[in-house]
Amino acid sequence: MSITTIIGPMFSGKTTEFIRLIERKKIAGKKCLIIKNYRDIRYDSDDNDKYHVTTHNNIIYRNCDIMFTDNLNKTSLIDTFQEKYDVIGIEEGFFFEGVTDFSNELANRGMEVIISTLESSYKQEIFSEIGKLIAISEDVIKLKAICMGCKISDASFTIRTIESDEKILVGGIDKYQSVCRKCLNLHKRKNTLSTESEQINNQTELSEPTRQKESLKIKKRRIDS
């Protein structure tokens, strides 16, 4: 039938839009299922109360069948869904390996697929799986947040505010912010200066002439940039 993909940075309202589209299908009499990943437990208070979708501003949606999995590479799942549901919603699609092929097969079998997902990492590197998904989607809805830096401009990017090199780190406002391009560049500049300061501090083990030489190099890079 079709694939609709909702993308945008964190805090841009992707889950709110996702819930809105699912609820419209419910009102139209469609049988709907939402798939969540086991890793996404940010707003689950306990194991007995996890079968819901929750937005960042704590709107809770339960008016739909919900299942948890971390593996979409099962033909049996698609066969079961085809028999029971008209609409399949996938929350936080970037968590799932194979989400593109899975969604494509569902759509080819006559189901509607609605996916909410980040399209890129905190380093502004696109998730390759989501790039493929966008290419085969009939509809792509790109949302923007409000910049948490200047609190004026629209935000199209997500930055991580804690030190971690993990590509995917589950979290909310405690670990991430949405920012505009200007604030993104300020953030990158701040991180660069922090790294350079660490390099200068690490030069205490070098000889005095070598330390002065390295310090001059770093200062020159700052001036040139």
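In case you wondered, yes, glycine gets a Cβ from its N, Cα and C as well.
Since we're looking at a predicted model, the values are computed, not measured.
Among the candidates Tyr85, Tyr122, the one that Swiss-Prot lists alongside Lys167, Ile168, Leu169, Val170, Gly171 as binding substrate is Tyr122.
Within 10 Å of Pro9 (ATP binding site), counting CA to CA, the binding-site residues Tyr122, Cys150, Lys167, Val170, Gly171, Cys183 contribute Tyr122. Look at Lys167 (substrate binding site): DSSP puts it in coil. Proximity to Lys167 (substrate binding site), defined by a C-alpha to C-alpha distance within 10 angstroms, is shown by none of the binding-site residues Gly8, Met10, Phe11, Gly13, Thr15, Cys180.
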